[in-house]
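Below: one structure, written as C-alpha cells.
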C-alpha cells in the first residue's frame with residue numbers, strides 16, 4: 001500500500017473531491033429554474049461541459065480529472081489504476097458531489113431550489129429505455145476520454161479539456177430529453193440524497209457504469225489495444241509501483257503524458 005504513503009496520492013484524492021464539488025455546484029446551479037417556463041437545454045449542456053473542461057484544465061495533471069465514478073470504473077476495467085485508488089476516487093467524488101449540492105442548496109432561495117435539478121425520467125420513457133440511453137451517453141463520453149488522454153497517441157492535436165467538455169455537452173444535448181442526462185452517478189446521487197428522492201435512481205448508476213465499462217473494453221481491447229500481460233494488469237490493480245522511463249509511476253490512474261503537456 002505504498003500509495004497511502006504518497007503525498008501525490010492524497011493530492012489526487014483531494015483534487016477529485018474539490019473538482020467534483022465545483023462540477024456539481026456549477027452544473028446543478030445552471031440547471032435551476034429562476035424564471036417561469038422551461039429551461040433551455042443548451043444552457044444546461046454548456047454549463048456542464050464548460051465546467052468539466054475547466055476542471056480538466058485545472059486538475060487533469062494532478063488526478064486525471066475523472067470527476068465521475070463511471071469514468072474511474074472505466075480506468076479500473078482498463079487496468080490503468082489500482083483498486084485502492086479507484087475506491088478512494090469514487091468516495092471522494094461522492095463526498096464532493098454532496099458537498100457541492102449542499103453549498104448550492106444553502107445559497108439558493110427556497111422558491112428556486114425545487115428538486116435541485118434531480119435527474120428524472122421523461123414521461124413515457126421506461127426504465128429499460130432510460131438505462132440504455134445512459135449507457136450510450138456514457139459510452140461515447142468514456143471513449144472520448146480514453147482517446148484524448150491516451151499517452152500512446154503521436155501528434156495529438158487540439159485541447160484535451162475542450163474535447164472532453166464537448167463530449168459531455170453532446171451527451172446532455174441528447175440525453176436531457178430522456179433522462180436529464182445523468183452520465184455521472186455522483187452528479188445524480190447528490191440531489192437525490194438532499195431531496196430524499198431515489199425514484200428510479202438505480203438507472204443513473206447502472207447505465208453509466210455499464211457505459212463506462214463497455215467504453216473501456218472497446219477502446220483498450222479492440223480499437224487501440226494496450227499490450228499488457230495478465231501479470232502486468234494484476235500488478236497495477238494491486239497497486240504495485242513499476243516505473244517508466246520518465247521516472248513517473250504507472251498504474252496510478254493519472255495519464256502519464258497529461259502531467260507534462262498543456263491541456
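A Cβ is built for glycine as well, from the same backbone N, Cα and C atoms used for every other residue.
Marked as transmembrane segment by TrEMBL: 12-34, 40-62, 83-107, 127-148, 160-179, 202-224. What TrEMBL lists as region 'Disordered' is 239-263.
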Any contact, the transmembrane segment (202-224) to the transmembrane segment (83-107), with at least 3 Cβ pairs under 8 A: no
Chain residues in Cβ proximity to the transmembrane segment (160-179) (below 8 Å; excluding those fewer than six residues from its ends, i.e. six or more beyond): 41-42, 44-46, 48-50, 52-54, 56-57, 60, 119-122, 125, 129-130, 133-134, 137-138, 140-141, 144-145, 148-149, 203-204, 207, 258, 261, 263
Chain residues outside the transmembrane segment (127-148) and at least six past its termini with a C-beta under 8 angstroms from it: 70-71, 74, 78, 121, 156, 160, 163-164, 167-168, 170-171, 174-175, 178-179, 181-183, 200, 203-204, 206-208, 210-212, 214-216, 218-220, 224
Tertiary contacts of the transmembrane segment (40-62) (same chain, 6+ residues out, Cβ under 8 Å): 11-12, 15-16, 18-19, 22-23, 26-27, 29-31, 160-162, 164-170, 172-173, 176-177, 181, 254-255, 258-260, 263
